[in-house]
Amino acid sequence: LVDRDPVKTSFEEWARPGHFSRTIAKGPETTTWIWNLHADAHDFDSHTSDLEEISRKVFSAHFGQLSIIFLWLSGMYFHGARFSNYEAWLSDPTHIGPSAQVVWPIVGQEILNGDVGGGFRGIQITSGFFQIWRASGITSELQLYCTAIGALVFAGLMLFAGWFHYHKAAPKLAWFQDVESMLNHHLAGLLGLGSLSWAGHQVHVSLPINQFLDAGVDPKEIPLPHEFILNRDLLAQLYPSFAEGATPFFTLNWSKYAEFLTFRGGLDPVTGGLWLTDIAHHHLAIAILFLIAGHMYRTNWGIGHGLKDILEAHKGPFTGQGHKGLYEILTTSWHAQLSLNLAMLGSLTIVVAHHMYSMPPYPYLAIDYGTQLSLFTHHMWIGGFLIVGAAAHAAIFMVRDYDPTTRYNDLLDRVLRHRDAIISHLNWACIFLGFHSFGLYIHNDTMSALGRPQDMFSDTAIQLQPIFAQWVQNTHALAPGATAPGATTSTSLTWGGGDLIAVGGKVALLPIPLGTADFLVHHIHAFTIHVTVLILLKGVLFARSSRLIPDKANLGFRFPCDGPGRGGTCQVSAWDHVFLGLFWMYNAISVVIFHFSWKMQSDVWGSISDQGVVTHITGGNFAQSSITINGWLRDFLWAQASQVIQSYGSSLSAYGLFFLGAHFVWAFSLMFLFSGRGYWQELIESIVWAHNKLKVAPATQPRALSIVQGRAVGVTH
């Protein structure tokens, strides 16, 4: 299944800029060359039309990507080992903040090193690494060093693998298209054995070490990981059933293991994180599911599922040929494959964002509010990018890989044939959502300005309670006992029902109340998401042709206009739809992050007195303030931004500078988005004239950015 030595390793070849393209390799005539070089370097489709060669390049590039990821991880662990207060934080996580970066005293920058507690001065980090390290049982900086070195070794291995599997032993196309085998290995190997080994690590290393840490034992006194693995008596002291070894497993007396494989639900009141015994149980269960799933598909033996059969059998009474032909699409178009994967992974990433705060998985994560906010923001943004990427690659598939002559009356063909109905209805839904959701706010602003609070939509006047959401919350809060035997509490405290959990005088989590304010902003979310989908879906469904430009497929994925003499055909390419979709994705996620930040500070996060009185960070003002646009501007945007803007001269000044810098970058983007190409070309011509006059003109002709290039630079900034 492999070819030996298919491509020779040549440093001379790599050193030649643009070696992958005949035109670019000729060298620059104009400055457009450098843009084309960057645009096409990784567009393997443009290098060759041979699917096997493209597949090999993608496969090899994945190893390069993994190498970079290991390098990054190594850097994170190295910072933890070399520059951090991890051991101090471990001994007192409620009073000491995590820091892994100390700024050198150059031109006064050491002002950034704030006091994070315990006499350590540095920048407080919000990545959540300390919490993960504690959960995985890392007790010393030496262990972090070892892990960092291990990650570097793996980075080197991955780099080697990328070279080896392209230049020395490159898989044949048949190997890339053997989906059943791939599914079996990925499910059973990566997900199954991966989860099983993690569950094993948690049971044998994380659980005992965290038991000791929770009990207040000094990290230096705790036995090292290998001692727990080699010495069963150590574990048996904490979990007596360990003394029996594997006997209960083989005699099916599994309840013996209930000490360390639990099903409690809720949070550990000591750390404010999920019970680590629940997490270990979860990974064991997941491992078993995936190990079974990894044996479902038919390979060398004549048993199991065949993907092609499953897809072709999948048709309903109203859907024509159903999924017939989908198998061929997904095994010959990597763009189509990638599109599906991005859509699913993007959605999953957003689900992760919501679980990180509602079911905080690591010890002391819930009371580290900055980290909670950062993790939510990070996962929302990544999810948004992946979903827009899904639309981008779906459109590239439509333009480059879709063959309309062989597709008839399957689901994709049927969707394309009634795309006008889909898009016009979706457009109507967007208009409806936009006017109504915004209209509710405008109504409230107007009534507020007229001094008529009794006529506003609010929890104290005209109520618009999110009754369905409240019903879902209530159902989950009542679920333990009714549905899940043995579970003492519901999956998340946010559903309601339980008492709040406080750790070190700070609220970890409490039932999150939903009211009129949430109902209003929820419909803004619905509006922005639907508009994003409208733009992206229109780009995909009209990527090959439209009434305006019937031959769009011939123009490619990105083009500025349909040539001279065709007015009104600019910015219609599939690429332009991705460009516009990105802006709406930014829009949508901004509102989500605003909602989350304010809601959590107002109704969840805060301190708790000895008498049990909770004081929230913004004093519970979300319900009454966020129901007007003015409230959002005054009590959220200005109230929070003013603290950042006034941070100059304090250890927080970096955030003020970032805030300022981010707005500069944003303003800079407008220069590219509102620019006329001809204006710049004209300006360049006169600058070139001046250079010629002084006989210092370069051989490479300067060119203004093309329309598409300008928009690319703009949207990036």
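Going from the start of the chain as shown, residues are counted 1 onward.
Glycine is no exception: its Cβ is also placed from the backbone N, Cα and C atoms.
Remember, it's a predicted structure, so these values are computed and weren't measured experimentally.
Annotation comment: Swiss-Prot describes CYS561, CYS570 as [4Fe-4S] cluster binding site. When other Cβ atoms within 10 Å of the Cβ of CYS561 ([4Fe-4S] cluster binding site) are tallied across all protein chains shown, the result is 16. For the recorded site, CYS561 ([4Fe-4S] cluster binding site), the DSSP three-state label reads coil.
The chlorophyll a' binding site annotation in Swiss-Prot covers HIS663 and is backed by sequence analysis. In the three-state DSSP assignment, the secondary structure recorded for HIS663 (chlorophyll a' binding site) is helix.
Counting only same-chain residues at least 6 apart in sequence, none has a Cβ under 8 Å from the Cβ of TYR679 (chlorophyll a binding site). Residues or ranges marked as chlorophyll a binding site in Swiss-Prot: MET671, TYR679.
In the three-state DSSP classification, TRP680 (phylloquinone binding site) falls within a helix. For TRP680 (phylloquinone binding site), the same-chain residues 6+ apart in sequence whose C-beta sits under 8 angstroms from its C-beta are ALA704, LEU705. Sequence annotations record features per position, and here Swiss-Prot assigns phylloquinone binding site to TRP680 based on sequence analysis.
Look at Swiss-Prot and you will find 58-81 (among others) tagged as transmembrane segment, backed by sequence analysis. Listed by sequence, the residues of this chain that lie at least six past the ends of the transmembrane segment (58-81) yet keep a Cβ under 8 A from its Cβ atoms are 42, 44, 100-101, 127, 129-130, 133, 141-142, 144-145, 147-149, 151-152, 154-156, 158-159, 161-163, 165-166, 171, 176, 334.
Using a Cβ-Cβ cut-off under 8 Å and counting only residues 6 or more beyond its ends in the same chain, the transmembrane segment (144-167) has close neighbours at 5-9, 56-57, 59-64, 66-68, 70-71, 73-75, 77-78, 80-82, 86, 133, 138. Among the features that Swiss-Prot reports, transmembrane segment is placed at 144-167 (among others), with the record citing sequence analysis.
As annotated by Swiss-Prot, transmembrane segment applies to 183-207 (among others), with the evidence given as sequence analysis.
For the transmembrane segment (279-297), the residues of the chain that approach it from at least six positions outside its boundaries are 135, 179-181, 183-189, 191-196, 198-199, 202-203, 206-207, 260-263, 304-307, 361, judged by C-beta separation under 8 angstroms. Taken from Swiss-Prot, the feature transmembrane segment covers 279-297 (among others).
As annotated by Swiss-Prot, transmembrane segment applies to 334-357 (among others). Under 8 Å from some Cβ of the transmembrane segment (334-357) lie the Cβ atoms of residues 54-55, 58, 365-366, 372, 375-376, 378-380, 382-387, 389-391, 393-394, 396-397, 400-401, 509, 596, 600, all in the same chain and six or more residues away from its ends.
Taken from Swiss-Prot, the feature transmembrane segment covers 373-399 (among others), and the record attributes it to sequence analysis. Counting only same-chain residues 6+ beyond the ends of the transmembrane segment (373-399), those with a CB under 8 A from a CB of the stretch are 126-128, 329, 333, 335-336, 338-343, 345-350, 352-354, 356-357, 532, 536-537, 539-540, 543-544, 553, 556-557, 574-575, 577-578, 581-582, 585-586, 588-589, 592-593, 596-597, 600.
For 421-443 (among others), the entry in Swiss-Prot reads transmembrane segment, with the evidence type sequence analysis.
The list of residues near the transmembrane segment (519-537) in space but at least 6 beyond its ends in sequence, with Cβ under 8 angstroms from a Cβ of it, reads 387-388, 391, 422-423, 426-427, 429-430, 433-434, 436-438, 440-441, 457, 464-466, 469, 577-578, 580-581, 584-585, 587-588, 591-592, 595, 626-627. Look at Swiss-Prot and you will find 519-537 (among others) tagged as transmembrane segment.
If you look up Swiss-Prot, you'll see 577-598 (among others) marked as transmembrane segment.
Look at Swiss-Prot and you will find 652-674 (among others) tagged as transmembrane segment, backed by sequence analysis.
The transmembrane segment annotation in Swiss-Prot covers 712-717 (among others) and rests on sequence analysis.
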Stretch in 183-207, 421-443, 712-717 most in contact with the transmembrane segment (577-598), if contact is a CB pair under 8 A: 712-717
Nonlocal neighbours by CB distance (under 8 Å) for CYS570 ([4Fe-4S] cluster binding site), same chain, sequence gap 6 or more: PRO560, CYS561, ILE707
Non-local residues, at least 6 beyond the ends, that sit with Cβ under 8 Å of the transmembrane segment (183-207): 135-137, 225, 228-229, 235, 238-239, 260-261, 276-277, 279-280, 283-284, 286-288, 290-291, 293-297, 299, 307
Cα distance (Å, whole number) from HIS663 (chlorophyll a' binding site) to MET671 (chlorophyll a binding site): 13
Set of same-chain residues at least 6 away whose C-beta sits under 8 angstroms from HIS663 (chlorophyll a' binding site): none
